[in-house]
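Annotation comment: TrEMBL describes 51-70, 82-101, 171-191, 220-239, 245-267 as transmembrane segment. Under the heading domain 'Fatty acid desaturase', TrEMBL lists 82-340.
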Amino acid sequence: MGAGGRMNDSTTPKDVFKHVPVEKPSFGIADLKKAIPPHCFKRSLTTSFYYLFRDLGLIYTFYYIATNYITLLPQHYSFVAWPLYWIAQGSILMGLWNIVHDCGHHCFSDYQWLDDTIGFICHSLLLTPYFSFKYSHRTHHANTSSLEKDEVWVPKRKQDTWFYEVLSNPVGNLIMLAFRLLFGFPLYFMFNLHGRIYKGFPSHFNPLGPIFNDRERAQIWLSDAGVLTVLYALYRIGAKEGVQWVFYIYGYPLMAMSAFFIMFTYLHHTHPSIAHYDSSEWDWLRGALSTVDRDYGILNNLFHDVTSAHVVHHLFSSIPHYHTVEATQYIKPILGDYYNYDYTPILKAIWRDTKECLYIEEDPEKKGVYWFRK
């Protein structure tokens, strides 16, 4: 029985617009940790490498099919085959990206050097600055749903959203959604789009920027070097194979991966029922609980359940991805109404939340608590 007053029945659809509790819960993080079996916190090098090599094997398989078969298809068939390849390969790249995200949380192995080595190589191959993201993401986990200190998907207050009247219509919603999916990933890393407001130039590629402290700056230079090396390699491949080859085999799948990344991270932290808090009301536990688990069907498996077990990940980021679903089942009875799971089909959910979650306003009865509005 949870502090919300009853067991959360995740098999029964609920009113997605009903606000989750914002009172400080009667349980603490220690109570939740006691409910999770100890083995869920243990890293397995064998299991981690299994998932890593599984994804790498699938990536190579799709690459082989594309370069040896799709390129030989008649044009009218290739119009269908290429987009299918881009989406399929992009989903596997997203899975690989999420495994490397585990490396940043040091839950791939017991060896920090190994986690950072694998993370640096694989994230660089996906044009992601590994150490830059590792450090900003750590800040995100430490300040989730804080209006002043969270690092990503920080909502705008109505008075700060000058464009909401323009976007508060179906055409504006569609333009905003398309822009977000197409450009949100690179613009977040380059210009901190949807991120916290800083003085200076808050880019993940700026080692001297305000996102990082002095101890981290050398590794930000290394992250930049990794991405630049991959870009140079792509340039050389393009010079040999042609620009179209690079885009068809690598570029468009990476764009699909980027869209997946924006889609599920946006839906993790944007929902009509969850609250955000200013400094007068925020605390770590309620902030971490202001996240949403969702059902992505087969993509749950391909994305290594970061989609369907995100709440427990924010509570215990050291749990490897292959234990998060199990751990979630143990804490749900304690969380009660504080646990937020939305079964709305994903395409319907992202369209709904794009329309319903344009900005936030303060709760008139609870100072320091903010809800999404349109």
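Using N, Cα and C of the backbone, Cβ positions are placed for all residues, glycine too.
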Sort out for me which stretch, of 51-70, 82-101, 220-239, 245-267, has the most Cβ pairs below 8 angstroms to the transmembrane segment (171-191).
245-267
Non-local residues, at least 6 beyond the ends, that sit with Cβ under 8 Å of the transmembrane segment (82-101):
48, 51-52, 55-56, 58-59, 62-63, 65-66, 70, 108, 118-119, 122-123, 126, 128, 130, 137, 248, 252-257, 259-261, 299, 302-304, 306, 321
Cβ-Cβ under 8 Å with the transmembrane segment (220-239): same-chain residues at least 6 beyond its ends
120-121, 123-125, 127-133, 135, 204-207, 212, 245-246, 250
Spatial neighbours of the transmembrane segment (51-70) not adjacent in sequence (6+ beyond its ends, CB under 8 Å) are 78, 81-82, 85, 88-89, 92-93, 95-96, 99, 118, 248-249, 304, 321-322
Looking only at the domain 'Fatty acid desaturase' (82-340), what is the model's average confidence as pLDDT?
96
